[in-house]
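Undergrad: Structure in structure tokens, see below.
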Amino acid sequence: DFVYQFKGLCYYTNGTQRIRSVDRRFYNQEEFLRYDSDVGEFRALTELGRSWADDWNSQKEILEQKRAEMDTVCRYNYEETEVPTSLRRLERPNVAISLSRTEALNHHNLLVCSVTDFYPAQIKVRWFRNGQEETTGVVSTQLIKNGDWTFQILVMLEMTPQRGDVYTCHVDHASLESPVTVEWRAQSESAQSKMLSGIGGLVLGVIFLGLGLFIRHKRQKGPQGPPPAGLLQ
């Protein structure tokens with residue numbers, strides 16, 4: 001009689017910031033073969049494991065499968081297991097709205113909600129117009145991996161803005177105690193012009209105020225005595 005055993009282990013550092021996958025194989029309670037993702041190949045621990053290691057290390061698809069298990073097994077199990085929130089890695093998303101073209105009322109346009117640097121991957125992004133959810137004209141990219149285990153996604157809304165419309169990007173994520181909302185308000189060209197004029201007037205006012213204070217300061221100082229001899233002609 002003999003007993004063959006397999007143990008698959010996952011080790012986590014700071015949530016899933018770093019994952020290590022270990023595959024251990026035993027014959028009659030003696031470990032004879034091991035795969036460690038930090039090593040990247042099978043290593044024989046006894047003479048019995050030598051032929052296994054040589055065979056499996058020569059098969060590229062087997063090694064690729066073992067490397068993929070960090071995501072397909074370890075990461076998946078971590079995210080699906082009921083781990084206490086205090087032990088999970090959570091990264092809050094950054095949310096911003098941008099317009100694809102210069103704003104013009106009553107013209108077709110595209111609003112882009114950029115949601116970046118969040119973890120875990122599960123996230124819900126919705127668009128609202130004047131408090132009502134928009135379901136048509138919504139297009140989303142696939143989740144994009146940043147390379148540091150965090151993710152980003154773009155959710156776009158095709159729209160034709162009317163004066164006074166308020167568009168809201170609404171984001172739900174496990175890292176948030178309450179949803180994050182970012183608003184974008186449609187403005188007429190005259191309103192934008194008035195706003196820009198107001199900003200320009202404010203800037204000019206600050207410049208003239210500073211110039212006036214400078215001149216007043218110079219006058220208050222007055223003459224500082226006669227010039228040195230030889231400078232008066």
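The backbone N, Cα and C atoms fix where each Cβ goes, and this holds for glycine too.
As annotated by Swiss-Prot, region 'Beta-1' applies to 1-80. Feature annotation from Swiss-Prot assigns topological domain 'Extracellular' to 1-194; the stated evidence is sequence analysis. For Asn14, the entry in Swiss-Prot reads N-linked glycosylation site. As annotated by Swiss-Prot, region 'Beta-2' applies to 81-184. Here Swiss-Prot flags 93-181 as domain 'Ig-like C1-type'. Per Swiss-Prot, region 'Connecting peptide' is recorded for 185-194. If you look up Swiss-Prot, you'll see 195-215 marked as transmembrane segment, on the strength of sequence analysis. Per Swiss-Prot, the feature topological domain 'Cytoplasmic' maps to 216-233.
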Undergrad: How does the model score the domain 'Ig-like C1-type' (93-181) in terms of mean pLDDT?
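TA: Within the domain 'Ig-like C1-type' (93-181), the model's average pLDDT equals 92.
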Undergrad: Please count the residues of the region 'Beta-1' (1-80) that DSSP assigns to helix (H, G, I), strand (E, B) and coil.
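TA: Summed by class, the stretch gives 32 helix, 31 strand, 17 coil.
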